[in-house]
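These come from TrEMBL:
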- 457-484: coiled coil (COILED)
- 12-37: transmembrane segment (TRANSMEM)
- 49-71: transmembrane segment (TRANSMEM)
- 83-99: transmembrane segment (TRANSMEM)
- 139-160: transmembrane segment (TRANSMEM)
- 180-200: transmembrane segment (TRANSMEM)
- 231-255: transmembrane segment (TRANSMEM)
- 267-288: transmembrane segment (TRANSMEM)
- 329-352: transmembrane segment (TRANSMEM)
- 364-390: transmembrane segment (TRANSMEM)
- 800-820: transmembrane segment (TRANSMEM)
Amino acid sequence: MIVTCKQEIPRRWVIFAILPWASFTFNSAVVGTAFLFSLKKFIENPAGLTFIMSIPGILAMAVSPVASFLSDRIWTRFGRRKPFIIVSWTGMLTAMILMPLMPNFWLLLAAYILYHFSSDLNSPMEPLKQEIIPPKDRVWATGAMAWCSNLATMTFYFVMLGRFDDVSYLAGLKLDGEWVIYWSAGLLLALLLLLIILGIKETDPKSSLRGQKLTLRNFVGGLLDRELWPVYLLVFGNACLNFYAGLGALSNLLYTDQWDYTKQEMGVNVAIGGIANLFIIGLLTAFASKLNRMKAYQTTLCLSLLGNVLYYCYVEFVLPDKRPTLFEIIVFGETLSVLAILTGLLYVPLVYDYVRRNRMGTYAAGASIVGLAARLITLNGVGLFVTFYASVFQPPAGEMTRVVLHNPATRSEFVSFLQQASWPAVDSADPITADHLAADVWQANGMIAQTGRTWEIRHGNKDSETLEKRKTDLEAEKSALLSREAMARDMEAARLRKLGQDPSTAHPGHSLQPRIEELSHEIEKLDAILKTRAADFRKQVSTVLGGRLMADGDQLLDARMGQALVVEYAIAARPASRAIEQELDALRRQDPAVIDMRPVKIADGYGLAVSTLMTGGESSAEAQHRLQASLDHLGVSRQKSLVTADSTPASSRIQPAVTLDLQVVEEPLDTYVSPVSRLLHAMLAPFGHELNPARRLMATGSSLRDPAQTNHVRAIPGPVERSISVTAVLEPQAPGTPPRATPGNKLEEKLSLVAGDKAPEILAFYDRLEKAAAAQRITIAHPVLTSGYVRMRYDYMSGYLWMFFMGTIGIILTLVFGKLEARGIIRKRGVEEALAS
């Protein structure tokens, strides 16, 4: 049994005392990150998201201080802090069970508020922990708590977050990943609630405040106690810097919406840093215990702000696409995480050095009001700032068309041309006004440029934005109804299965299908209106640009049919894919005519099939001799060559091949290497890892390999700037293969003329090529690439500017606090009390 108010305690007591906080960290991740994605099903706007996420802060300003204030002034048979904690955790457990089941925004919000109302009653938890742990043990206790909290965070991001969208079945019942995340957090709460009830005993401190009534005068007077109010400067400063390691909830949208990383990639990123922190926290704890807490705390705050400024500048001004790699995110994130951990190790013990035991609840009440007010400003401020920044600097929501021009244009010239043009009325399209037009150079890889051939043109349209918002609301309602319908059907099927009846006949007693069909019809109507408006805008853009657009078919620079020699060589065992790619890369450098190298199964075991173009009218014998010479040279020069020198071919054959030279929007080679990525590859170079600038082209060629159609494919840079050249060996087609439809545009007509009787296969290959290239952020040029309604684009990185402003205020307040302590106005009364006892 753990007992409070002891001057000396066993280390195991500290471990048990901090376990509830580890649970609280896991639950905070669930109701922070996971809830954000639950909420995003109903609301999109960053200001709206951050406002909803700040509602608990408004609520906490009333509930949390009262709970903390009263916990200094009552005594029960269970203690003075535990009654609040038991009620609190019971309410949080109930909310955790309900949240993933809520079918609409309002019920989800109600469950969210219930959780945070209950969570606010938990505010006496921190004073209880500080009463268990004496001042001299608080640094290492904070380190141990940080270690456990880090483990909980790592578990959430690495194991749980990536499962958010999963669907599984247990005993015939459907289980969404979202449900599992919330309910696992609820289970953890239940287990540790038992630990608090049965494992902690409070000692009566005989407080002089016991029995004091909760009146406005007593409440305000207690909060403004002359011992406490100066400490609030430290609290407010820390709260202003609460998000110094990121943007709060918007950090998740920065990863997923702006940088296009998946939830699982985001989770792995956090987990990698978490694994490192498991080792770092111990070192930092030992280091922090030897420092002057105030000076070290001020230093880490300044370093944290500086680190975030450097990170912002690196992303915005060093990276041409403003999208850091996962490694870069980990490097900067872990650096800032180390500073954040050290700051926390110093802050928590530091602030309680100034507070006596019988004032801890009162201090917690005042600190919660001050801290929540600062976080309310910070959280809502960043959401409003990002929304304001987007409205001023980002393209508006409305109709969008992406086009490719015949010749490059500068942004200023092109925007001026669009705004001064005479826009025709097309069908039912809205009139185009200059102040609603926006245009930016567009590339699929996100590269930022002021000059280019490919442009995204937008027409801001509030009416379309309203229609799309209505469509989103209807889709959210339909999704919830479909989930309820599926759950009812699954439960009915399980009931029938237990009765020995056919579960396929399951039909819910009260079907939601009529409402679902009604919603589907409304959604289709709204979608048709939005598509019609986008099509009209596309016609207007095409009319205005006229001859400035590239001509359809010009993207095909050249197309030529040829013959390829495919030679098979026997090898000892099936090689690894990486070994084949390394061998192929070396062989292509030796002989540029080589197309591909593929593993094959031959009569005697495994083999490699090597393909090469027959160039310059050479015969099959000449082509085979050239290929053999290259392989022999490779077998001698490479230590672990897959095909040894003087190997005898097992077989050879001649197959038709096609080469397409195509104009693309982006530069196909990744020639820019950022400083951090350069450091990573320098570290990996001794292990045989080489940075290949053609990696996106290689991935495009790999994804086009299909044993039934084109098993040998090569994708390389094309003959002119921003072009690619793709060569494929055509496999024999099965009899009765249905021919592709006749050519539908100039490009397909040109391909058909070159391909002759192979036209259906070449056209099918081109369709696959467009998709494979797009998957690697390589866009084949067309006069009009796409059109449709698009939402407003938010730049979540702009939120860092607001955070820098708030962080600067926090550092100034912390420096003022240090000056007041140096002048003797503020004393470490908590330490003095512990020494006196």
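For all residues, glycine too, the Cβ spot is worked out from N, Cα and C.
Across the candidate stretches 49-71, 267-288, 329-352, the maximum count of CB pairs under 8 A to the transmembrane segment (364-390) is reached by 49-71. Within the chain, the transmembrane segment (139-160) has long-range Cβ neighbours (under 8 A, six or more residues past its boundaries) at 14-15, 17-19, 21-23, 25-26, 29-30, 33-34, 133, 180-181, 184, 266-271, 274-275, 277-278, 281-282, 284-285, 288-289, 341, 344-345, 348-349. By the count of Cβ pairs under 8 Å, the stretch nearest in packing to the transmembrane segment (12-37) among 49-71, 180-200, 267-288, 329-352 is 180-200. Counting only same-chain residues 6+ beyond the ends of the transmembrane segment (180-200), those with a CB under 8 A from a CB of the stretch are 1-2, 4, 16-17, 19-20, 23, 26-27, 30, 34, 79, 82, 85-86, 89-90, 92-93, 96-97, 99-100, 128, 132, 160-161, 163-164, 166. Within the chain, the transmembrane segment (329-352) has long-range Cβ neighbours (under 8 A, six or more residues past its boundaries) at 130, 135, 138-139, 142-143, 146, 150, 231, 234-235, 238, 244-246, 255, 269-270, 272-273, 276-277, 280-281, 284-285, 287-288, 291, 293-294, 296-297, 300-301, 303-304, 307-308, 310-311, 314, 360, 367, 676, 830. When pLDDT is averaged over the coiled coil (457-484), the result is 88.
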